[in-house]
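Peer 1: Below are the features I grabbed from TrEMBL:
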BINDING   Gly9, Gln10, Thr11, Gly12, Ser13, Gly14, Lys15, Thr16  ATP binding site
DOMAIN    1-312  domain 'Kinesin motor'
REGION    180-207  region 'Disordered'
Amino acid sequence: YNVCIMAYGQTGSGKTYTMLGPQLEENFAFSTKDESELGIIPRATQEVFRLISEKPPGSYWVEVSVVEVYNNEIFDLLAKDSCGKVFGVKRDVVTTREGKSDVPLLTHETVENASEFLHLVNKGLQLRVRHPTLVHAHSSRSHLVVTLTITTIVSGDNFGTSWEDEQTSQRLNKEVSCTFPQKMRDNKSTSSSRASSPAQLEATEKPKQVKTRLQLVDLAGSECVGMSGVTGAALRETSFINRSLSALADVLGAIAEQRSHVPYRNSKLTHLLQDSVGGDAKLLVMLCISPDQKYLTESMQSLGFGTRARQVQRGQVKKKNFPGQGKAK
């Protein structure tokens, strides 16, 4: 299943620090010198590669993409021009025939360890849009989405069958039992086993690829215009930020209430995160709350968002390689 970890809260409440850790003032790259101060993104990545190192070599590989959602547009922060310079290129998110969200032409870089990954994220951070406000001198004006796509090679023997496949197999076996006498069934099964060619046997044992996503999200902060004092282009940015955060709250509310329609497409942010928020994905929301009394209204709004997120109850788990399980929160 897919996993999403995001930091939510008002501007200046510590979301970027929570996700990235301390950043170097001169270029906003995050520092990894002090291990105790590492944020969730470097910590999660180190843990992923630690787990992969315990597996057989070549059974896993990891690809990374870094995008920002700015003014309801998706920008690829790892795209390069002919000179090798990195710059943001606008992309779009689409829904595939399988019902999955995808960003065509998005840059995916293969990484073999945590240091390679952190180098790519640092490169993307240099391009993230920032603008000073009265509340925060280095306010992020976009949602940062770092995605690790982990591909697992699973042999045919270990891949297993889905719950639906097992039910179909049982039903067909029952129908065969009702249709054929015992002797004919034995002859049928014997002839079937003899008819299986080496090519067919090889096909059943052919390794399969299972792709899962770990999406690490540093959301832009919700803003009260009266306190932040933004005008002009920054005011337009605030409008898009607040609307996308409202769309995210609507999506969680629809999932919590088990509505038939979940409005993922109301925002590029929610459309991009659809596979890691809905379905049988696991979502962790880190609420960042300012301790200052004057931000009480914003803190209460953030806690309301967290309450809505906690009300989400997962239904029947439907995985490709495991039988159906009970409800998971």
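Every residue gets a Cβ built from N, Cα and C, even glycine.
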Peer 1: For each of the binding-site residues (Gln10, Thr11, Thr16), count the other CB atoms lying within 10 A of its CB, then report the residue with the highest count.
Peer 2: Thr16
Peer 1: Can you tell me the mean pLDDT for the domain 'Kinesin motor' (1-312)?
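Peer 2: Mean pLDDT for the domain 'Kinesin motor' (1-312): 76.
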Peer 1: Can you tell me how many other Cβ atoms are located within 10 Å of the Cβ belonging to Ser13 (ATP binding site)?
Peer 2: 25
Peer 1: If you count the other Cβ atoms within 10 Å of each Cβ, which of the binding-site residues Gly9, Gly12, Gly14 comes out on top?
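Peer 2: Output for this query is Gly9.
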